[in-house]
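Read through the structure below, which is laid out as C-alpha cells, and then see the notes.
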Amino acid sequence: SQPPEPRSRCVCLFLPGDSNPKESSPFINSSDAATEKTQQYDRKNMALFEEEMDTSPMVSSLLSSLANYSNLNLNCNCAPQLGTLMGVYMPCIQNIFGVILFLRMTWLVGIGGVIGTFIIVFMCCTTTMLTAISMSAIATNGVVPAGGSYYMISRSLGPEFGGAVGICFYLGTTYAGAMYILGAIELLLIYIAPKAAIFPLEGLEGPEAEAALLNNMRVYGTILLTSMATVVFVGVKYVNKLALVFLACVILSILAVYAGVIKTAMDPPVFPVCVLGNRTLVWKSFDVCAKTIETANGTVTTQLWQMFCDSPFLNATCDKYFVANNVTEIQGIPGVTSGILADNLFGNYYEKGDLIARDKMESVEDQDEPLTNANRYVLADITSFFTLLVGIYFPSVTGIMAGSNRSGDLRDAQKSIPIGTIAAITTTSTVYMSSVVLFGACIEGVVLRDKFGEGVHGNLVIGTLAWPSPWVIVIGSFFSTCGAGLQSLTGAPRLMQAIAKDGIVPALRIFGHGKANGEPTWSLLLTACICESGILIASLDSVAPILSMFFLMCYMFVNLACALQTLLRTPNWRPRFKFYHWTLSFLGMSLCLTLMFLCSWYYAIVAMVIAGSIYKYIEFAGAEKEWGDGIRGLSLSAARYALMRLEEGPPHTKNWRPQLLVLVSTDAEQNVEQPRLLSLTNQLKAGKGLTIVGTALGGTFLDNYEQAQRAEQALRKLMETEKVKGFCQVTVSSNLRDATSHLLQASGLGGLKHNAVLVSWPRNWKQGDEHQHWRNFIELVRETTVANLALLVPKNIAAFPSNGERFTEGHIDVWWIVHDGGMLMLLPFLLRQHKVWRKCKMRIFTVAQMDDNSIQMKKDLTTFLYHLRIDAVVEVVEMHDSDISAYTYEKTLVMEQRSQMLKQINLTKNEREREVQLIHDNTTPASPATPATPLTPGEGAQSPGEQVQMTWTEKCDGEPAKPPGAATPEGIKDIFNMKPNQFNVRRMHTALRLNEVIVKKSSEAKLVLLNMPGPPRNRTGDENYMEFLEVLTEGLNRVLLVRGGGREVITIYS
C-alpha cells in the first residue's frame, strides 16, 4: 500500500497589541539564550549559518513556536469553542434587533408610507451588507483581537484615522446604550406602569405634558443607568449569562408578531379606534365610542359627550366640531386580507401638533375656527420628514460588528465572521422588509401614525398585532432593550480601554487602567457620564440620529479601508474571504456618506468636526505608530505618482522655490558644528519646498557605519530642535571632497531634487592646516556652477539670529551687481515671511558705471520691483573709474606672496617622498603602457587643482625639474622680489572699491546679500579667490553671498 500523501498545513501567526515589541519582529523566539541556539545548530548541518544565529532561528524551531502560538488571552485556560451560530450569528441578531423595531417601526410605516419606509429600510440594509462584505475581507486578512472595528480600521488606515473612528464608534456605542435605556423607560412609563410617573401627566396639556414626560424619562433613565453600570461593574459574567435570556425575548417577540399577522388573515383581533369626523380620538377617558346610547329609559349621553360638552344633558352647549361631525368606530387591525395596504402605500408627514386624521372620511369643519379640546385628539408629537425617518431608523441596523468583536472566542474566526455576519444581516433585513409590508397590510393608517397607541387604549401598536397577547411584545421588548443597554455598557468601556492602551491619544491614557482582573473601571465611569448626557436629552427620536452619525462614520471608514487596501494591492492584503470588490466598498462608503447627510446635515458636520479634531490631535500630540496601514501605502503611491509627474519637465518660474541641500560639518563626536545654518534654513523655508540636510564623513562605509548613524541621529535631533521639516543624509567616502561631491550629485529623488546649496563660509581658512577646507569649498562652488545649482554662502554664520530672536527694526540690504536670475530679490522676500525678519525693511542697491544713466536705472528698477510685487527702497550707487591706489598694489602683493608661501609649505611636506619616488622611477625601467601609480588615500585627499600644481616635467637630461616654489634660498628670495599680477591687481581694486561702498551704505544693515563672484577657471588662483571674497565682505557683520543657478526664479507675470 502506498503511504498517505503529506498534508500541507498553514499556520497563522498573531502578534497581539501594538505595545508588544513582537509585532515588528519577524520571529517569536528571538530572545532565546545564545547557548540554546548553539545547541540548536550543533550537529545539524547548519555550520554555514551559525554566525547569523542571533537573528535567524532554524525553520523547525520557528514553525514549532508558530504552531503552539495562541491568540487567546494568556490568563484564559480555555480553548476557543464558539462556532458560527453562537459566536457570530446570534450576537449579531441580538445587537441588530432592538428598540426601534418595537417602538418606532409601525410609526415609521405610517408616516413614511410602505414605499417610503421600504426605500429607507432597503437603503440602510444595503449599507450594512456592503459594510459587512468589506469587514469580512478585513477580518479574514489576519486575526482581529478585541477592539473589533477599531482594531481593523486603525491597522488598515493608521493611528490617526483609527483613533478618530475608534472614538466615534465608542461614542456611537455609548449613545446606543442611552437610546436603549430611554426605550426601556418609554415602555415602562407609557405601556407597563403609567402610574409610576414621578411627574404626573394627568390633567396636563401640550408643552406641560411633554415636559413632564421628559422629566420622568430623565429621572428613571438615570436610575436605570446607575443600576446597569453597577451590574457591569460588579461582574460582566452576569451580563453574559443574561444575554441568552434577552436574546430569547427578542426572538419570541418577533415570532409573536408573525404569528399575529397570520392570525389576522383568519380572525382579526378586535382593537377598535374611535374617530370623530376624520380625527382620531384619544381612547382613555371614555368607554363607548358614541355620543349617546339608547337605553330602556331613553337616550343617555356618554362619557365622550361629557368630554366635549359642558353638561351631561342633551341640551348642553357642545364643541362645534363635535356637534357637526359623527363619531365612528373603525377596526384598528382589519387584517392582512383587508386590502388596507393600498391606503398605506404613501406617506403622511405632519407638523408638530397636527391632528392624526383618516384620509377617506368626511369631516365638517370651519378652517378659521381655532382647534379646541386638542388634548382629546391624537396629535403629532414631532415634525416629521423623510430624512428624520432615516436618522431614527438607522440604529436598528447597527450591531453588525458584534461577531468580529468576539474573534478571540471563535473556533475558526476566518470562517465564522463572514458567514455569521452576512447571514445575520440577511435574516434581519428580511424581517425588517417583510415587517414594513406586513404592518402596512394589517394595520389601519391612523393607528400606524399613532406613535404611543393613544387611540387603541394606550396599547403598544406593534403589540396589538401580536399573538397571543400584546403583553408578549411589551415585556419581551422591555427585557430586550435592557439587555441591549447592558451589552452597550459592557462593550463601550472595553473599546475605550483598547484605544487608551494603544497610547495613540495621550489624553485618554488614564482610561486604560482598570481593576486587577482587567475590567475597565475608569472607562466604565466615562461611559456612564456620556450615556447620562444622552439620557438628559430624554427623547428617543433625538438621540437616534446622533448615534446614527457615529455608526455611519465608522462603517464609512471600514469600507474605505477595504477599498484602499484592494486598490493599492498591498502585498499583505490576502483575505480568505474572496467575495469582495473595491467598487462594492466604494458604493458602501458613498451610501454611508449620503445617509449621514440625509439623517441630519448639521449632526453630520458636527461628527466630522469631532473626528477631524481627534485626527489632528493624534497627528500632533499622539504617539508615533507604524502599523503598516493603508494610508502609508497611499502616501507611497501618491508620492510615486507625484515624483513621476515632476519628471515630466522643470518647474515653471512661478513654481520655483529654493529646494535646499544644506551642507553641514560635524566634529569628532558627530555634533553639528554650525547649528545656526539650520536656523537660517528654517527662516528661508517660508517658501516651503524640499530640505535635505547632509554631512560628509571620510573613511570607508564598513568601518564608519556606526559613526554615520550617530551623525544622522544628531542631524535629526537638530532638525527637530530648529523645526526644519525635511530629510537628512550622511555620505561616507574615502575623503571629504568626494563625499561632499557624492552628496551634491545623489541627493534627492527623480524630479524632487535640490536646486540650491546652502553651505557656510570656511572658518579660519587662512590657517596653514586648513588649506584643504577652502580647496574643498572652491571645488564645491565650481560643482554647483556646472550642475546649474544656486549657491548660498552665509559668512559669519554664528552671528545670524536664532529662530527665537526678533528684529524690531533694521534693513535687509541687497547689492544687485550682476543679474543672477532673481535670487537676490526672492531670498529677502522669503526671509521676511519669517517672524525673525518680518519687521525689517528691504533696500536694493545697484551699481552704475561711468557710462550708465543712474536716474533712468533707478526708475527702471523701481518699475521692475513694482511689477514683481516686492516692496523695497531703491538706490543706485555710482562707481566712477579711479586710479588704482598703492594700497591696492600692496594688498595684492601681500596676497600673492602669502599664496606662494602657502604653496611652498604645502609642497615641502611631500617633497622628500616624491624625490625618492622619482629616483626609483628613473632607475627602474618601466613599460610605456604601465598606468600611473594611483594616489594613496592621503594624496587623494587633494583637489584636482592641487594635483595639477604638484606635477612637473622631466628635463631633457633626465633630471627631475624642481617644482615651483621649492624650498631653496633662491625660491624664498624670488618670493620677496616678485611683482603683483595685473589681473589680480584689477580684481583686488574692484573688491576694495565695492567693499568701501557697501560698508558705507550697509554697515548697520541686519543682513547684506550680494552676488558671489565665480572662482577662476585656472585653479592656480584659488587662494587669491578666497582673499578677494574676504576683502569684498570685510567689515560686514552678516553677509549672504549668492550665486544664481542659471535660470530665472522670479517673474512679473501672474
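Quick reminder: no glycine exception, Cβ is built from N, Cα and C everywhere.
Remember, it's a predicted structure, so these values are computed and weren't measured experimentally.
Record features, source TrEMBL:
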type: COMPBIAS; residues: 923-937; note: compositional bias 'Low complexity'
type: DOMAIN; residues: 87-261; note: domain 'Amino acid permease/ SLC12A'
type: DOMAIN; residues: 374-661; note: domain 'Amino acid permease/ SLC12A'
type: DOMAIN; residues: 675-791; note: domain 'SLC12A transporter C-terminal'
type: DOMAIN; residues: 806-1054; note: domain 'SLC12A transporter C-terminal'
type: REGION; residues: 919-949; note: region 'Disordered'
type: TRANSMEM; residues: 96-123; note: transmembrane segment
type: TRANSMEM; residues: 129-153; note: transmembrane segment
type: TRANSMEM; residues: 165-193; note: transmembrane segment
type: TRANSMEM; residues: 217-236; note: transmembrane segment
type: TRANSMEM; residues: 243-262; note: transmembrane segment
type: TRANSMEM; residues: 382-402; note: transmembrane segment
type: TRANSMEM; residues: 422-448; note: transmembrane segment
type: TRANSMEM; residues: 546-567; note: transmembrane segment
type: TRANSMEM; residues: 579-604; note: transmembrane segment
Ranked first among 165-193, 382-402, 422-448, 546-567 for CB pairs under 8 angstroms with the transmembrane segment (217-236): 165-193
Summary of DSSP states over the domain 'SLC12A transporter C-terminal' (675-791), given as helix, strand and coil counts: 59 helix, 23 strand, 35 coil
Residues from the same chain, set at least six apart from the ends of the transmembrane segment (96-123), whose C-beta lies under 8 A from its own: 179-180, 183-184, 186-187, 250, 253-254, 341, 344-350, 384, 386, 389-390, 392-393, 395-400, 424-425, 428-429, 431-433, 435-437, 439-440, 443, 445-451, 460-462, 473, 477, 480-481, 484, 540-541, 544, 591, 595
Mean per-residue pLDDT computed across the domain 'Amino acid permease/ SLC12A' (87-261): 86
